[in-house]
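Annotated substrate binding site per Swiss-Prot: 9, 41, 74, 88, in sequence order. Per Swiss-Prot, the feature ATP binding site maps to 9, 10, 17, 89, 90, 91, 99, 123, 124, 125, 126, 127, 128, 129. Residues or ranges marked as site 'Transition state stabilizer' in Swiss-Prot (evidence: sequence analysis): 17.
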């Protein structure tokens, strides 16, 4: 079985993530969407909420497993899960410059390869940070995020 890992904090998951994950699902028998937590970052959504939004959004795709990644090295996580590849979406040359050293280290640590998928043009500008900023300032992000995320944004406004 060809298994890959798509890692990300997914805070929140957006249509650019979905596009990369769907393409990865076409390349591999199983894709583990590993939802990560960096304790140095401040998150809008809890890990549980991010897992729920990803699960709801990706339910129609075959071969997708969604789970928390936990602490530790991505290369070691891939080895433990039997994944031969890491799939990363690339929006720009700066993404590539950032990802290549990590891909090289991951390959040297455990032999896991990194597959880079260029983002579709309509998603080149998307980032979770930008989506949170636009939404927080009252902008309409409905073209950029799945319904599960929109619902969470609206629920957050109702409780504030």
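Just so you know, glycine gets a Cβ as well, placed from its N, Cα and C.
Keep in mind it's a predicted model, so treat the numbers as computed, not measured.
All features noted in Swiss-Prot, drawn onto the structure.
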{"residue": "9", "record": "substrate binding site", "contacts (Cβ under 8 Å, 6+ apart)": "35, 36, 37, 38, 41, 43, 50, 128"}
{"residue": "17", "record": "ATP binding site", "contacts (Cβ under 8 Å, 6+ apart)": "8, 10, 89"}
{"residue": "74", "record": "substrate binding site", "contacts (Cβ under 8 Å, 6+ apart)": "5, 7, 34, 86, 102, 106"}
{"residue": "88", "record": "substrate binding site", "contacts (Cβ under 8 Å, 6+ apart)": "6, 7, 20, 95, 99, 103, 114, 115, 116, 117"}
{"residue": "90", "record": "ATP binding site", "contacts (Cβ under 8 Å, 6+ apart)": "96, 99, 116, 117, 118, 119"}
{"residue": "124", "record": "ATP binding site", "contacts (Cβ under 8 Å, 6+ apart)": "91, 92"}
{"residue": "126", "record": "ATP binding site", "contacts (Cβ under 8 Å, 6+ apart)": "14, 15, 16, 91, 119, 144"}
Let me know the DSSP-derived helix, strand or coil state of residue 90 (ATP binding site), please.
strand
Quick one: give me the count of other CB atoms within 10 A of the CB of residue 128 (ATP binding site).
23
Helix, strand or coil: which one is residue 17 (ATP binding site) in, per DSSP?
helix
Any idea what DSSP makes of residue 99 (ATP binding site), helix, strand or coil?
helix
